[in-house]
Amino acid sequence: MKSSEPAPATPTGFRNSIWFIIFYLFVIQALGSAIISGGIEFAIAYAMYHSRVDLITLWAFPHTISGDCALSLFIQVGLTWASEEILVGFDDYKRPVFRLNKWITKPSPLKTESNEEIPPPKKRFIVDYFESKDNVVAKQNTLYHKHNWLFGYLEVNRGIIPKGKEATLKGFLTSQFIHDSTQSKFMNFIEWFVQKFIRSMILAIAMFIVIWPVTMGILAGIGHKVGSHDYYFNDYPLPQVMKLIYAVVIAFVCTPVAIIVIVLRNQFHEELYYEGLANGTLQQDQEVCSTGNRSSGSTDQDISTTKQQSQEAVA
């Protein structure tokens with residue numbers, strides 16, 4: 001492939017600035033998620049704890065706030081992850097919401113034919129876990145398998161190339177849920193559900209290790225001591241307000257992380273897709289995935305069409 005052929009589409013200008021990315025992650029998405037999650041948790045806590053005869057305690061059953069907080073965290077992270085996969089995933093399918101190209105994009109393989117030296121990225125946060133020191137495109141397969149834990153978590157082989165004006169909800173849902181055309185739609189959905197559940201729970205466990213103990217410490221400090229090691233609370237308003245704040249904190253952590261995973265998945269998938277074209281071969285799993293999607297009529301039927309759609313998506 002010649003270097004004059006199209007490369008992966010890259011958002012430029014304001015939509016690719018760090019200020020837009022921060023605004024999008026924490027104001028547009030995380031704040032909205034926090035309002036919804038906080039409202040739901042407040043309502044649930046009101047129904048659970050208001051006017052209860054038994055003491056509302058930190059540890060003891062039947063009304064244990066510690067258990068409630070633990071369960072709520074895992075449920076909220078799982079639901080947030082799934083909803084962002086659909087909502088943000090569809091937005092990114094129509095047009096990349098943003099790309100982290102300035103900080104973690106691999107050097108384009110299309111530049112390797114020139115005599116210009118490829119400068120290393122200024123920021124190497126994720127690149128260090130993704131790229132080899134010399135950035136040789138020929139080692140693409142080696143990189144893929146050597147760092148498969150990152151690709152595995154991001155599900156890079158399930159990334160979706162933006163379609164621009166050609167994007168449809170049906171096409172997105174097919175690309176999102178149908179990964180193996182030889183299996184039924186139900187089995188494909190079960191696989192999708194399991195994959196998202198595993199990844200969301202990995203994030204939830206990491207959050208639980210930090211957020212839950214801190215929350216329990218705060219509640220122990222403001223609760224009324226009962227017995228040797230427990231604390232009780234009034235039925236209103238502390239449990240309800242606490243669950244609201246708890247849900248807001250979770251939303252501001254898990255929502256940006258889920259979105260970044262989606263964006264990185266699509267970004268890396270698109271880069272590897274075009275690198276495969278540049279080298280005359282695609283990754284095996286990407287090729288199988290692409291073949292399967294073609295069978296379902298959801299994605300690329302022609303390489304040039306795909307490139308044009310990808311370019312139009314950010315035009």
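The backbone N, Cα and C atoms fix where each Cβ goes, glycine too.
As annotated by Swiss-Prot, transmembrane segment applies to 18-38 (among others), with the evidence given as sequence analysis. A Cβ distance under 8 Å defines the sequence-distant neighbours of the transmembrane segment (18-38), meaning residues of its chain 6+ beyond its ends; these are 76, 80, 84, 88, 97-98, 100, 102, 244-245, 247-248, 250-252, 255-256, 259-260.
Taken from Swiss-Prot, the feature transmembrane segment covers 202-222 (among others), and the record attributes it to sequence analysis. Listed as Cβ neighbours of the transmembrane segment (202-222) (distance under 8 Å, sequence separation of 6 or more from its ends, same chain) are residues 58, 65-66, 69-70, 73-74, 77-78, 81, 153, 231, 233, 238, 242, 246, 249-250, 253-254, 257-258.
Annotation source Swiss-Prot lists transmembrane segment at 244-264 (among others).
Sequence annotations record features per position, and here Swiss-Prot assigns region 'Disordered' to 288-315.
Long-range contacts of the transmembrane segment (244-264) within its own chain (CB-CB distance under 8 A, at least 6 residues past either end) are made by residues 24-26, 29-31, 33-34, 37-42, 45, 69, 72-73, 76-77, 80-81, 84-85, 88-89, 92, 96-100, 104, 126, 153-154, 199-200, 203-204, 207, 211, 215.
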